[in-house]
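Asker: Have a look at this one before I ask anything.
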Number of protein chains: 2
Amino acid sequence: MVAQVIDGKAFAAKVRAQVADQVAKLKEENGITPGLAVVLVGEDPASQVYVRSKGKMTVEVGMNSYEHKLDVDTSEADLLALIDKLNNDPAVHGILVQLPLPKHLDEDLVINSIDPAKDVDGFHISNVGLLGTGQKSMVPCTPLGCLMMLREHHGSLSGMDAVVIGRSNIVGKPMAQLLLGDSCTVTIAHSRTKDLPDVVRRADIVVAAVGRPEMVPGEWIKEGATVIDVGINRIDAPEKGTNEDGSVKTRLVGDVHYASASTRAGAITPVPGGVGPMTIACLLANTLTACSRANDLPEPEGLTA
Amino acid sequence: MVAQVIDGKAFAAKVRAQVADQVAKLKEENGITPGLAVVLVGEDPASQVYVRSKGKMTVEVGMNSYEHKLDVDTSEADLLALIDKLNNDPAVHGILVQLPLPKHLDEDLVINSIDPAKDVDGFHISNVGLLGTGQKSMVPCTPLGCLMMLREHHGSLSGMDAVVIGRSNIVGKPMAQLLLGDSCTVTIAHSRTKDLPDVVRRADIVVAAVGRPEMVPGEWIKEGATVIDVGINRIDAPEKGTNEDGSVKTRLVGDVHYASASTRAGAITPVPGGVGPMTIACLLANTLTACSRANDLPEPEGLTA
């Protein structure tokens, strides 16, 4: 069996197009333009790249993008004051504070100061609690993206055996809640799991979110299973030669050994080009959802959990 | 193999004795008496019995018990005003609103109006979110009781395969979070699970929380597994004869078929006398925990998740 490749890049583009359509409709029919505020503290290069991409795509789907770049030494009080302002700004429907924050800032405190209704990252404890009790919430972007891909591929997930490898607050745990919400039988595995190969082997759906390069070999995958690989790990790739400075070139791999897994899986997301592109698409979807709710309009179809 | 019976009645008494010891210490060393406020709206007979038991045991461990009995027609505004008063009363460390509420009252709204730090039932969405992200929280009493019994029996649960049958917000889901917090590999099964016997057969720990009499037969239980039966179901017991009015006598059974399961399990909780008595004991433990936190004192040892 050769697995169908789940093309995250193409699917993310489709999701962004859906968002753009609905944004256009919102503007035309209701005179409302969704707005996303992104707050970046400091000059971490990776964070700067993310924030730039987010801003660019926000504008591309027709939303307003508000970027707030603060000095690395910004005080907690100043950051909280900015968030308070954004919480009270009716033009801002989504607020995202780019993580990680500099060490002198309390991330939990900062995240929980965002109005839960504008918390488009879905990290506020109220949103975790709402998701955990099956209520309407803002859902973290990466697991929401994984859920959308699974629904797109399978239609109903009801009754499927799903295994989530990894129990992080950002991916593993909300992913398990989402799969449970879609009536999968859900197993959460992690570093203390006794017989991980056996646990993975019984799954119709495997979501790997550990951050260890290629730790899931193809032989663990049940014939025909769907594999969602959340890991994005950079490893040395001596076969690609060296850079000008003599260092070995690198490449990105997932948590799943793609070559072997794709001979057994029914469908699989590649790395790169799988889950990754879905994250920003879901951020835009969440912003649209937040805007619709703030204006008592129906939820955007197909873009929520 | 004949299963060891996990005596919930005896263990609950031990937990209450621990609470009483620590309450005595709190009074002596800090001059503080923990207080639990219970709010009952209407005259549901079962709720009246629960509230009476809770009040009695609260006093027995040396705490103050405040009972607020409101008319069945109490308005939402009046109920919220009472909760606000209790939230601001420094003598009240725990607040419990007895469920179910009469239909004209919004349960979610009422529960979420309780100060999360005083929410000894652990139902406030902030507490769900804190538990769901591995932070300090108030933990729902029944799953906390199950966890305490499992820890008492096994010591460490790390790496054990646990299956929770049932995905309610009150038992199944928080139970799964607690087992995950203790590093079990956790599977959540439910009515849509395809092959429940197979799922249960691979578990070292089975927590049944469905509310269907004797739905788990002994043959599903892995030899030596620990079985925690949360179900309390009343069924006809014609073998006991009839009541004076001619109706058939009844008896209580769990979600597990006890007679057959106890020939295979390593340990099992009976019904009645298993999980049931632990719930009020954990309510008292939570009230003590809330009181300790409110006064910046160390967490009561062995009584929290």
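A Cβ is built for glycine as well, from the same backbone N, Cα and C atoms used for every other residue.
Automated prediction, rather than curation, is the source of TrEMBL annotations.
Here the structure is a predicted model, which means the values were calculated and not measured.
Annotations for this protein, taken from TrEMBL, read as follows:
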type    : residues                               : note
DOMAIN  : A:6-121                                : domain 'Tetrahydrofolate dehydrogenase/cyclohydrolase catalytic'
DOMAIN  : A:140-293                              : domain 'Tetrahydrofolate dehydrogenase/cyclohydrolase NAD(P)-binding'
BINDING : A:Gly166, A:Arg167, A:Ser168, A:Ile232 : NADP(+) binding site
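I'd like these features described in context: how deep, what's nearby, how far apart.
Answerer: Close to A:Gly166 (NADP(+) binding site) in the fold, though at least 6 residues off in sequence, lie A:Gly172, A:Ala189, A:His190, A:Ala208, A:Ala209, A:Val210, A:Gly211, A:Val230, A:Asp255, each with a CB less than 8 Å from its CB.
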Asker: Among the binding-site residues listed here, A:Arg167, A:Ser168, A:Ile232, whose Cβ has the fewest other Cβ atoms inside 10 Å?
Answerer: A:Ile232
Asker: Would you mind pulling the longest C-alpha to C-alpha span across A:Gly166, A:Arg167, A:Ser168, A:Ile232, which the record has binding NADP(+), in angstrom?
Answerer: 16
Asker: May I ask you to report the DSSP-based helix, strand or coil state of A:Ser168 (NADP(+) binding site)?
Answerer: coil
Asker: According to DSSP, how is the domain 'Tetrahydrofolate dehydrogenase/cyclohydrolase catalytic' (A:6-121) divided among helix, strand and coil residues?
Answerer: 59 helix, 19 strand, 38 coil
Asker: Can you filter A:Gly166, A:Arg167, A:Ser168, A:Ile232 (the binding-site residues) down to those whose Cβ is less than 8 Å from some Cβ in chain B?
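Answerer: Contact set vs B: A:Arg167.
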Asker: Give the helix, strand or coil assignment DSSP yields for A:Ile232 (NADP(+) binding site).
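Answerer: The three-state answer is coil.
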